[in-house]
Ligand SMILES: Nc1nc2c(ncn2[C@@H]2O[C@H](COP(=O)(O)OP(=O)(O)O)[C@@H](O)[C@H]2O)c(=O)[nH]1
Ligand SMILES: Nc1ncnc2c1ncn2[C@@H]1O[C@H](COP(=O)(O)OP(=O)(O)O)[C@@H](O)[C@H]1O
């Protein structure tokens, strides 16, 4: 059958984009994701499971699925997690089915996860888009963790030392964004998503197949 009437736009838009957003504790990942959730309807946020205690104001099922260590280990055993990692004494993991469903429905999804988990996702989803959020400076990073007021002195020290190790893994990411100002960081992430939707490799095989058929 001649398929010259088929719309190219329909051809190229099927699966959504998986974006991973990493960055040191306190850089503003949560703040930037919350702003993106408000302003961008077609970007879905993946809610992780964790064994850490909820902070004041955090809601189960919105910020995280708060689980006991036993429950978390059971999720691993049941293969319910796309990836998981231990970070400063707690477990964190991404529920797998939700991510798969969102991508299959054609929507984009953002995973706010630390670097070990991000590298595991990269292995499973090499076509994912890996973005690293950088602080304007290390002093400002420490200042942000301190002003957030959620961590003990020990937790701040641990997070700052992990931060330096995490920033050394920047080379594994596709994009680096400085979170100097929240709105500007959001605009940069939205621009990345727009550009990635047009990335030639995402559509090339479909266009080739279509051209072979017409
Ligand atoms: N690997 C992995 N890391 C996660 C996940 N969810 C959150 N994280 C990361 O775990 C780290 C600690 O998160 P959190 O306790 O909320 O502390 P914060 O970064 O200081 O706000 C951060 O780097 C998060 O991005 C997940 O599902 N998997
Ligand atoms: N661009 C920014 N400029 C100034 N303060 C910021 C900015 N982004 C986030 N913050 C503040 O820094 C602190 C840490 O942000 P948060 O989103 O909790 O970081 P993360 O999720 O990366 O640990 C919060 O108090 C937040 O209000």
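Each residue, glycine too, has its Cβ placed from N, Cα and C.
In the three-state DSSP reading, residue 26 (ATP binding site) counts as coil. Residues or ranges marked as ATP binding site by TrEMBL: 23, 24, 25, 26, 27, 28, 29, 30.
What TrEMBL lists as domain 'Guanylate kinase-like' is 16-194. Across all of the domain 'Guanylate kinase-like' (16-194), the predicted model scores a mean pLDDT of 95.
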Study note, to complete from the structure: Minimal Cβ count within 10 Å, across the binding-site residues 23, 26, 30, points to 30
Check your understanding: ligand 1 is in the model; which of the binding-site residues 23, 24, 25, 27, 28 have a C-beta less than 6 angstroms from one of its atoms?
Key -> 25
Review point. Within 8 Å of the Cβ centroid of the ATP site residues 23, 24, 25, 26, 27, 28, 29, 30, which other residues of the same chain have their Cβ?
Key: 133, 135, 141, 144, 179
Check your understanding: What number of additional C-beta atoms lies within 10 angstroms of the C-beta atom of residue 29 (ATP binding site)?
Key -> 20
Practice item. Would you mind listing, in sequence order, the residues at least six apart from residue 27 (ATP binding site) in the same chain with a Cβ closer than 8 Å to its Cβ? Key: 133, 134, 135, 141, 144, 163, 179
